[in-house]
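Visitor: Right, I'll just put the structure down here and ask away after.
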Amino acid sequence: MANTVGGILSGVNPFHYNSSSPLTLFLFQACLILLVCNLIHIPFSMMRQPKVISEVISGVILGPTIFGQIPNYTNTIFPTSSIPGLNLVANLGIILFMFFLGLEVDIAFIKKHLKKALVIGIVTLAVPFGFGCLLAIPLFHTYANKTEGERHIKFSVFMVFIAVSISVTAFPVLCRILNELRLIKDRAGIVVLAAGIINDIMGWILLALSIILSSAEGSPVNTVYILLITFAWFLIYFFPLKYLLRWVLIRTHELDRSKPSPLATMCILFIMFISAYFTDIIGVHPIFGAFIAGLVVPRDDHYVVKLTERMEDIPNIVFIPIYFAVAGLNVDLTLLNEGRDWGYVFATIGIAIFTKIISGTLTAKLTGLFWREATAAGVLMSCKGIVEIVVLTVGLNAGIISRKIFGMFVLMALVSTFVTTPLTQLVYPDSYRDGVRKSLSTPAEDDGAADGLDSEGVDKTEINTQLNSLADVSKYRIGELTTVINTTEAISPSLKLLNYLSLGVSPKPKNNKHKNETSLSRMTTATDSTLKSNTFKIKKMVHIWSKSVDDVDTNLSVIDEKLTPFEGVGALRAIHLRLLTERTTDLLQSSSLYNDDPHFTANTDSLLQIFDIFSNLSKIPFSSEVIFSTMREKAANIATMKMDSTDLILLPLKGASYEYRGSPVFIDEKYANFDHIYSHLLGLNELSSTFFKSIFQSLKANFAVQISNTYGRLNADRFKRKRFNLLLPKPYLTQSDYLGLYLLLLICYRDGYNNDNASCSIFINSKNIDFAKDLSTAFAEHDWLNESTIKIVDIPFETKVPEEAIEKPSFIETVLDVGLSDTALADIEETTFIIGEDLPDESEPFSEEVRTVIFEGSNRRFDTLIVHHFSSE
């Protein structure tokens, strides 16, 4: 006893299993399992594979197949006496998993797509079930009841179980694949989601039937009793208890909470454990009781999402991986040592995959899908994953199948799950999906496109789509402004910029008695001008005949305004780009959001509600969307959004920030180099290392990155003058420079209407001698544009030559040193520097000048707006 208390210091072997202290070895086993699972998942995650594959493979590696071949490994690390402890934790995890699976079943969504879901779900279950019954015949005669001491299994029980194993579809894995491939909003994805729920429910019912048949011990009367009791228990839970629980939660205002209270969570867990206990003692399995309990939790106000978010972390991180790793430990591939064994393995894989694909494809085609859509639906329905492993483990523990058959079917589950994602991408590529969306677009949208009108009736043919000169800038217009919200901290700087860029219904300009006729001129130094003139030229009015019915009847002409590129009503779209993790909460939220009308997405997302309020106040047409994406797929998700070449995609990012570490003084740390701030940017905003390279190369619209470096300030002076500075460092202007100029002019124009008194300046390479004159000529009809509106400052600057050994200051460093006045430097935190970015080198995410601006902005605490113009030429 003394040695036991003393531990390893007293000579106790920590790998010796002690029944009086089983926790010691269990902790090591759990750490080993979780470590191997996460290491193996790294390469599989890059191939878009679900984590269950890594967890099962980890168990296979740690089990008798590989590590088990090491002498004394199994007796030391996983002794037989320690397995019950692992199984206890694993079974607790799978009970919670089945409860979460019940929470995922959306009855309202099934009703909405009931016809297609029933047809596809039943057919994709019935056809593989029938072929599974045929496969069970040779399997039974070859492997069943061959080992002495094993439980004798009837053929009917064996056949039902094998057929269920062949025919099930893994709904949780299916839902995650739909999210990762961005199919959950497509017609094929919606059909598969509904059919997967039907298939899943019916599969669990059939599995329960096989367990009941095996537990009845040959008595038909017992079988009937178990079936009746199970059905009665389901009715009790699904009707009186379900409505009673909803009534109690409403009366206690539980559904209105941001997260469930501990008491409500405890009561729901109590309901789940009671149901699992009851189904276990009547001879079914505790997982079915947990599944039934998940079905009765109300979905009002996304309560199931909030409940799952509160409960799921420890089960998903610890318990469930241990369950699937234990399933892998039971796989001994060394038992498959005959040719016929591998013949049955390949036959099982072929039957499981192709019966699902063929039946799903034909049925989906009959319901109205295109051939490739239907094929994708069939491929997705062939996914096995988590559910298959649970089914097989239940069958192994019940003695229905042997370890050899268990190993065969685990291989089938791994292969069928592994091929689902690449096969879906092969038969249903992005290019084909875009064509399907266009063919399914509404006639109203097609008519609008054919008429050349945007959402507000502005003639698109009069809007220039290219930016090759200052004359093009005067005719340019942004189609739709889309802001992609990646983090909560990006909301405030995004709204500040949108307040200047938004093209809402403009108020009428104030009349001024005195008109400033000063033209644009160049300045060699920067000085603060007087308050900006609010003078705006009276808009040109043209007489046109009205196209409205009322005016046609009265035969009256009306006066209409000819909108300039800086006027009119442009639409605003807000995209909440949420990180898709392994959490069940993300799956519940994504599936529930896409069940609603997409025009009302803002009502279900608190971040989008902020932009909805902003658009209402600004009188801007507004739409919104929530996109769940993995970190690796964020660039692809943004690039595949519906957009035109003249749209502007704005991505606000959180940059450098002040830190408060317990003292009343803020910590303002400086960055040593660009790589330091760049890694900080990626980490803060949950972006992959290839994000910017991918987005610049694949996005088919204008793109702007806003980096806010002033987050964390307290008591900021809200009345300081806002400053917007455009940097034109090249001796010539590129298309992205022209886009930056257009945005600066747009900010100036809107600022004149709003009377915000912002300062707008252009810092240009002094080699662009005729820039001011050319700008005045191009905007001769725009009297609002003069030197009181915008300042042009010459910056003597020589472009760096790579071969030169002497380090020269960058353009932004020169501007900060000699181009800004003392007042402007004092207001540097209220300043946004705009710079154009053409396609950077493949080896770097940004060009050298842009990298310098980002670096200086992070250390000097000014905001940066990097713009890139997309050219279809």
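Glycine is treated like the rest: Cβ placed from N, Cα and C.
As listed in Swiss-Prot for this protein:
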type	residues	note
CROSSLNK	LYS562	ubiquitin cross-link
MOD_RES	SER557	phosphoserine
TOPO_DOM	1-23	topological domain 'Extracellular'
TOPO_DOM	45-51	topological domain 'Cytoplasmic'
TOPO_DOM	73-82	topological domain 'Extracellular'
TOPO_DOM	104-116	topological domain 'Cytoplasmic'
TOPO_DOM	138-154	topological domain 'Extracellular'
TOPO_DOM	176-188	topological domain 'Cytoplasmic'
TOPO_DOM	210-220	topological domain 'Extracellular'
TOPO_DOM	242-267	topological domain 'Cytoplasmic'
TOPO_DOM	289-316	topological domain 'Extracellular'
TOPO_DOM	338-341	topological domain 'Cytoplasmic'
TOPO_DOM	363-375	topological domain 'Extracellular'
TOPO_DOM	397-404	topological domain 'Cytoplasmic'
TOPO_DOM	426-726	topological domain 'Extracellular'
TOPO_DOM	748-873	topological domain 'Cytoplasmic'
TRANSMEM	24-44	transmembrane segment
TRANSMEM	52-72	transmembrane segment
TRANSMEM	117-137	transmembrane segment
TRANSMEM	155-175	transmembrane segment
TRANSMEM	189-209	transmembrane segment
TRANSMEM	221-241	transmembrane segment
TRANSMEM	268-288	transmembrane segment
TRANSMEM	317-337	transmembrane segment
TRANSMEM	342-362	transmembrane segment
TRANSMEM	376-396	transmembrane segment
TRANSMEM	405-425	transmembrane segment
TRANSMEM	727-747	transmembrane segment
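Would you situate these features in the structure and describe their surroundings?
Guide: Long-range contacts of the topological domain 'Cytoplasmic' (45-51) within the same chain, counting only residues at least 6 positions beyond its ends with a Cβ under 8 Å from a Cβ of the stretch, are 37, 173, 176-177, 180-181, 321, 385-386, 417-418, 421, 582, 632.
For the topological domain 'Extracellular' (73-82), the model's pLDDT averages out at 91.
Residues 171-172, 175, 190-191, 193-195, 197-198, 200-201, 294-295, 299, 304, 367, 584, 587-588, 591-592, 595 of the same chain, all 6+ positions outside the topological domain 'Cytoplasmic' (104-116), place their C-beta atoms under 8 angstroms from a C-beta of that stretch.
With a threshold of 8 Å between CB atoms, the same-chain residues lying at least 6 positions outside the topological domain 'Extracellular' (138-154) that come near it are 162, 213-214, 218, 340, 344, 399-400, 402, 404-405.
Sequence-distant contacts of the topological domain 'Cytoplasmic' (176-188), counting only residues of its own chain at least 6 positions beyond either end whose CB sits under 8 Å from a CB of the stretch, comprise 48, 50, 364, 369, 373-374, 376-377, 380, 383, 420-421, 424-425, 428, 433, 436-437, 440, 580, 586-587, 590-591, 594, 598, 627-630, 633, 636-637, 640.
Same-chain residues lying 6 or more positions outside the topological domain 'Cytoplasmic' (242-267) and placing a CB less than 8 Å from one of its CB atoms are 295-298, 300-301, 303, 306-307, 309-311.
Per DSSP, the secondary structure of the topological domain 'Cytoplasmic' (338-341) breaks down as 3 helix, 0 strand, 1 coil.
For the topological domain 'Extracellular' (363-375), the residues of the chain that approach it from at least six positions outside its boundaries are 115-116, 119-120, 123-124, 186-188, 191, 357, 427-428, 432, 436, judged by C-beta separation under 8 angstroms.
Helix, strand and coil content of the topological domain 'Cytoplasmic' (397-404), in residues and according to DSSP, is 3 helix, 0 strand, 5 coil.
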Visitor: Below 8 angstroms Cβ to Cβ, which residues of this chain, lying six or more residues outside the transmembrane segment (221-241), approach it?
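Guide: Same-chain residues near the transmembrane segment (221-241) but 6 or more away: 208-209, 212-213, 215, 271, 275, 278-279, 282-284, 288-289, 292-293, 295-296.
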Visitor: Please check if the transmembrane segment (117-137) comes into contact with the transmembrane segment (52-72), where contact means 3 or more CB pairs closer than 8 Å and the residues in each pair are separated by 6 or more positions.
Guide: no
Visitor: Run through the topological domain 'Cytoplasmic' (748-873) and tell me, per DSSP, how many residues are helix, strand and coil.
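Guide: Secondary-structure composition of the topological domain 'Cytoplasmic' (748-873): 45 helix, 24 strand, 57 coil.
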Visitor: Restricting to CB pairs under 8 Å, which listed stretch, 155-175, 268-288, 317-337, 342-362, is in contact most with the transmembrane segment (405-425)?
Guide: 342-362
Visitor: Count, for each of 317-337, 342-362, 376-396, 727-747, the Cβ pairs lying under 8 Å from the transmembrane segment (155-175), and report the range with the highest count.
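Guide: Counting Cβ pairs under 8 Å, the winner is 376-396.
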Visitor: Check the transmembrane segment (317-337) against each of 24-44, 52-72, 268-288, 727-747 and return whichever range has the most CB pairs under 8 Å.
Guide: 52-72
Visitor: If I count Cβ-Cβ pairs under 8 A between the transmembrane segment (376-396) and each of 24-44, 52-72, 189-209, 342-362, 727-747, which range comes out on top?
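Guide: The listed stretch sharing the most Cβ pairs with the transmembrane segment (376-396) is 342-362.
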Visitor: By Cβ distance under 8 Å, which residues at least 6 away from the ends of the topological domain 'Cytoplasmic' (397-404) in the same chain are close to it?
Guide: 143-144, 146-147, 150-151, 153, 157-158, 161-162, 210-211, 214-215, 285, 330-332, 335-336, 341
